[in-house]
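What follows is one structure encoded as structure tokens, with my remarks underneath.
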Amino acid sequence: MKNNDVLLRMASQIIVFIILIFGADSFFSGHNMPGGGFIGGLIIVSAFVLLAIAYDLNLVKRILPFNPLRLAGAGLLVILISSSISLFKGEAFLTHTTVYVELPLFGHTGLYTSTLFDVGVLMVVLGAILTIIIAIGESD
């Protein structure tokens with residue numbers, strides 16, 4: 001099916017960039033305001049849905065640098081690892097802890113397992129929803 005929606009295609013080139021920036025902002029501001037891995041993942045997926053509507057599902061599959069299902073599996077692994085770090089510190093499973101490291105540009109910095117957990121949630125949401133959308137699009 002040939003699609004000649006020139007306005008949609010031109011607008012989507014700008015809107016997709018804005019959606020991706022908004023999704024990243026929602027992810028990073030998730031600890032202090034509404035947002036986080038789940039909402040950030042859904043917003044980022046909506047950019048790929050817009051590309052699939054404006055262009056084609058094959059374009060979305062070509063530009064994805066990863067297999068969405070493997071991304072979801074890797075996200076589950078990240079969630080498991082971030083949840084288990086507290087066990088090595090003698091605390092309960094899923095207790096979020098801080099690991100302090102010395103970074104070259106930032107100095108003495110705390111790395112939070114809750115942020116790593118949110119990265120895993122973002123990966124699971126992004127991978128699972130993209131897999132579902134691609135499967136539904138290919139069935140048509």
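Just so it is clear, glycine is given a Cβ too, placed from its N, Cα and C backbone atoms.
Remember, predicted model here, so these are calculated numbers, not experimental data.
Residues or ranges marked as domain 'Na+/H+ antiporter MnhB subunit-related protein' by TrEMBL: 8-131. Shown for the domain 'Na+/H+ antiporter MnhB subunit-related protein' (8-131): DSSP residue counts in helix, strand and coil, namely 86 helix, 12 strand, 26 coil.
Marked as transmembrane segment by TrEMBL: 7-24 (among others).
According to TrEMBL, the feature transmembrane segment maps to 36-57 (among others).
Summarising the annotation, TrEMBL assigns transmembrane segment to 69-90 (among others).
Residues of the same chain lying 6 or more positions beyond the ends of the transmembrane segment (110-136) and with a Cβ under 8 Å from any Cβ of it are 27, 30-31, 36-38, 40-42, 44-45, 48-49, 52, 57, 60-61, 64, 66, 68-79, 81-83, 85-86, 96-101. If you look up TrEMBL, you'll see 110-136 (among others) marked as transmembrane segment.
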(request) State the residues, same chain only, that lie 6 or more residues beyond the ends of the transmembrane segment (7-24) and have a CB under 8 A from a CB inside it; answer 'none' if no residue qualifies. (result) 40-41, 43-44, 46-47, 50-51, 53-55
